[in-house]
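Each remark here refers to the structure printed beneath this line.
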Amino acid sequence: MQMAIFRSRTWLSRAFSSLPSNLLRVCVVGSGPAGFYTAEKMLKAHPKAEVDILDRLPTPFGLVRSGVAPDHPETKIVINQFTRVAKNDRCMFLGNVNLGLSVSLKELRDLYHVVVLAYGAESDRVLGVPGEDLEGIHSAREFVWWYNGHPDCRNLAPDLQTTDTAVILGQGNVALDVARILLRSTAELATTDIASHALGALEKSSIRKVYLVGRRGPVQAACTAKELREILGIKDLYINIQDVDLQKSPMDEEEMRTSRIQKRVYELLSKAATSSPVSPTTGQRELHFVFFRKPDRFLESEKRNGKVAAVHFEKTTLKVDSGRQVAVGTGEYEDIESGLVLKSIGYKSIPVDGLPFDQHRGVVPNSRGRVLQTTSGDLLLLEEGLYVCGWLKRGPTGIVATNLYCAEETVVSIMEDLTQGPLVSTSTLSKPGREGLLELLDNRKVTVFPFSTWEKIDAEEKQQGSLKHKPREKLSSWQELLKVGSE
Ligand SMILES: NC(=O)c1ccc[n+]([C@@H]2O[C@H](COP(=O)([O-])OP(=O)(O)OC[C@H]3O[C@@H](n4cnc5c(N)ncnc54)[C@H](OP(=O)(O)O)[C@@H]3O)[C@@H](O)[C@H]2O)c1
């Protein structure tokens, strides 16, 4: 969403710095972990670098604010480090600036010596099976954004009322986050920073049964041991895993020998299967791990047009393909009835105009963060001054800290290009940088949210949260956020 309110020029002129003109003008697009780590490393690596961090949201921190589960506060502590970066004299956060809408990539490249795209993956992989658009089916990303108070999903309204069963497709850590939020006691969630609209809906939720469905086996489950242990440890939760799914093939044994994580995940699932009672007690919440099932199509409710009623699965078996075990259909089918389906099969990045993009891999073709013109891998065909970091660079995998190494690599590439590569001569030319961008945005009547506005939002959220014994109550609608910004 683009906001076009006229702001007084006073703030704009204050924002113009009196820094010398031989600056290296760097623009980072995206203020999640990849963006902030890149900014931090760039500021350290180059004493004359002035780094502007843009975000399409009025608020900073990307996935740390909108992706990390509310019951994982320890993962959000990194916000303190990012705040120190944003407050560095040579850094500026510019929220509510949307690449592609407020400013084009070409304009940014003309304004800055270096542009680093770190805007992540804000879309979803699709299954491409019939019925995927039925009501009651959402991507896990949308559900996560909903409970985390992302303004784009404030009105998602997932059906937690007319069904007692949710099916989650995929068995990665996002699937586990989503399952945990559906199954955990709301009294525990109430003391987290979960959005109040989500907490209210979860308090009234009729969901009792959650199916976590994987197309491969327990050895290939994509989650990690810590996250699995956490969900298996939810109080008074009935866990169901079919013994037959736990049988291992020699290839599974081989995978477990080479991956400690897979071995540990398998062991935890086996232990849960043997230690769980045969059936749930009355009213007990249930978590069913279902393996070797791939979604074939979604079935529509006979009672309500356009609404999902079940997932039709094809049973699978594993076959080795290019050294990897992949799921292949067996021709046998099975339905799981459910009025709520969350597809947790991975995030997807979206390209902007003028950006080379590998549609197949869903990433920007790059060599150690340097954007390449084509997917051919030809290192000579460089997009000069353009770099990537984070999920846009390597795909939607890894934890927050993975971006630290990813940013390190991109910044090393930038520094090499500045000292002995294509930026040696161009970086000596003066560029308009921040001043030029602010002028352009002002002309377009784009309301820029500087870090000081985020600090106002932050204070407001903490104040509202303290009244409810929560760390914060997120402002989760565009109206609320923009109101603080225009005060
Ligand atoms: N607490 C944490 O540390 C935390 C929390 C959340 C996310 N993360 C990280 O964030 C990254 C993204 O997580 P994620 O869960 O979105 O992705 P992920 O780990 O890649 O898991 C994706 C899941 O979707 C399945 N899948 C993909 N395509 C499918 C299809 N066409 N049909 C059926 N199933 C399909 C995959 O199965 P196959 O294996 O068969 O492809 C896998 O189970 C991961 O690196 C994750 O560890 C970490």
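Positions of Cβ are set from backbone N, Cα and C atoms, glycine also.
Quick look at what TrEMBL lists:
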type	residues	note
BINDING	ALA34, LEU63, LEU99, TRP391	FAD binding site
BINDING	GLN171, GLY172, ASN173, VAL174, ARG215, ARG216, GLU227, GLY398	NADP(+) binding site
DOMAIN	25-199	domain 'FAD/NAD(P)-binding'
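Counting other C-beta atoms within 10 Å of each candidate's C-beta, the binding-site residues GLN171, ASN173 are led by GLN171.
Checking the binding-site residues ASN173, VAL174, ARG215, ARG216, TRP391 against ligand 1, the ones whose Cβ sits under 6 Å from it are ASN173, VAL174, ARG215, ARG216. Within 10 Å of TRP391 (FAD binding site), judged by CA to CA distance, lie the following binding-site residues from the set ARG216, GLU227, GLY398: GLY398. Closest by Cα distance to ARG216 (NADP(+) binding site), from the binding-site residues ALA34, LEU63, LEU99, is LEU63. All chains included, 26 other C-beta atoms sit within 10 angstroms of the C-beta of VAL174 (NADP(+) binding site).
Using a 10 Å Cβ-Cβ cutoff, LEU99 (FAD binding site) registers 22 neighbours. Rounded to a whole value, the Cα-Cα separation of LEU63 (FAD binding site) and GLY398 (NADP(+) binding site) is 12 Å.
Across the domain 'FAD/NAD(P)-binding' (25-199), the model assigns an average pLDDT of 98. Classification of ARG215 (NADP(+) binding site) by DSSP places it in coil, neither helical nor stranded. Counting other Cβ atoms within 10 Å of each Cβ, the binding-site residues GLY172, GLY398 show the lowest value at GLY398.
On the backbone, the CA of ARG215 (NADP(+) binding site) and the CA of ALA34 (FAD binding site) stand 30 Å apart. Minimal Cβ crowding within 10 Å, among the binding-site residues ALA34, LEU63, is found at LEU63.
The two recorded residues VAL174 (NADP(+) binding site) and LEU99 (FAD binding site) have their Cα atoms spaced 27 Å from each other.
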